[in-house]
């Protein structure tokens, strides 16, 4: 009798998460979810930063002061602080597909309304509400962590997040070109920038419908169907929220992420204007240089995720943490240098080096996040992602609002802040794997199973709610690194490569 065809195109583990990451595949559900997630996040990034490269035109049209521009930049990233935490909870309860598409559709009208901004206040409001869409980052990382297994989850998170972040660089190229084309057709300068906003607004809307129509929450189906069939437990929001917010590791990652991704957001807002003003460049040239900062995400953030998975194979979780600290600290060093360099060519070279390290640190961060909690993955992802936006808000409030500091001084001080705020990584410790300076606990119950099942009450275990966490604990044994003993996971527990 002929054996039935495999259920999945990619090899999977016992949770049906893919154990391989095939970039050029669109196989459902794993790789299709990957492509839908990064494209929709890319669209939201383009929308959120579409105004940044057009500031020299918009400020003349709306009579914006430097304080108005600074406040609008802060508004564009502050809205997503709470939206990201809420998005994490929404992913845990309703699934990444519905949560992501809903937010994208809710924020698209704000992008359309950017075209009718007529005052500093209205400009600030449209940037504030558009910025909520950046919370789709959380659904992107949650979705990848739900689809890909421990050995490749850092790679999947890094590439999806990095290619989404490319929108911050791409918009620096796209929007000046779109405005130029519209002006060539016959529109005046102050009308052209308004019409240009219809392009990112339409792109964002179409991406939401693609996620809804073609996406799938989990390898085995959507949340609604899985809950209805009894394959997925209907979790309580209070406990999901509790276990996420009481895990100190999530708070530390939120702080450190504020000084890699948060810094990236801050730089996206100021870098085009910085080169335009400091080196007396024209709008297109400043936009092209600024774009190189964001476009480094094509390889830098994915590189961080890949590097996290590579070091984990030999050194486990401790390797992930050490690599994150080293890379982010070097990013801080290059940021300090960027503020000190006075030549155009030198500034460009240092800026590119800075972007590579700070963005790689983002990828490395989300090589750690999926292992902090299984039950509250969305909440921890939301906390960390929200921390990125808090870092951006704080950084812009302190260094880039008004005229207290010159932009070059602000950039230097921001670099010092990066180095200081990366130090708390030393405090992260997993009993089953250890931390940066200490090995795993010697206690008999310090295992992956004990760590992840501690998030479930005895009555919940009796109902079988903990079974997904049990499978996850088996598959995360790889985080012990190259010294994992084969006895740790008997061969009869190992799932077949294809299911």
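Heads up, the Cβ atoms here are built off N, Cα and C, so glycines get one too.
Automated prediction, rather than curation, is the source of TrEMBL annotations.
Going by TrEMBL, these are the annotated features:
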| type | residues | note |
| --- | --- | --- |
| DOMAIN | 33-432 | domain 'Major facilitator superfamily (MFS) profile' |
| REGION | 475-499 | region 'Disordered' |
| TRANSMEM | 38-57 | transmembrane segment |
| TRANSMEM | 98-117 | transmembrane segment |
| TRANSMEM | 124-143 | transmembrane segment |
| TRANSMEM | 163-183 | transmembrane segment |
| TRANSMEM | 195-215 | transmembrane segment |
| TRANSMEM | 321-342 | transmembrane segment |
| TRANSMEM | 348-372 | transmembrane segment |
| TRANSMEM | 379-399 | transmembrane segment |
| TRANSMEM | 411-430 | transmembrane segment |
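A contact between the transmembrane segment (321-342) and the transmembrane segment (411-430) is present, since 3 or more of their C-beta pairs, 6 or more residues apart, lie under 8 Å. Three or more CB pairs closer than 8 A are found between the transmembrane segment (124-143) and the transmembrane segment (38-57), so contact between the two stretches is assigned (pairs 6 or more residues apart). Between the transmembrane segment (38-57) and the transmembrane segment (411-430) there are fewer than 3 Cβ pairs closer than 8 Å, counting only pairs 6 or more residues apart in sequence, which means the two stretches are not in contact. Predicted-model confidence for the domain 'Major facilitator superfamily (MFS) profile' (33-432) is 92, expressed as mean pLDDT. Outside the transmembrane segment (98-117) by six or more residues, the chain places 37, 40, 43-44, 47, 50-51, 62, 83, 87, 90-91, 123, 125-127, 129-130, 132-133, 135-136, 139-140, 143, 194-195, 197-198, 200-201, 204-205, 207-209, 211-212, 215, 217, 223 with a CB less than 8 A from a CB of the stretch.
A Cβ distance under 8 Å defines the sequence-distant neighbours of the transmembrane segment (348-372), meaning residues of its chain 6+ beyond its ends; these are 141, 145, 150, 153-154, 157-158, 161-162, 165, 247, 249-250, 253, 256-257, 260-261, 263-264, 267, 271, 289, 292-294, 296-297, 300-309, 312, 317, 320-321, 323-324, 327-328, 330-331, 334-335, 337-338, 341, 380-381, 384, 388, 418, 428, 430, 476, 479.
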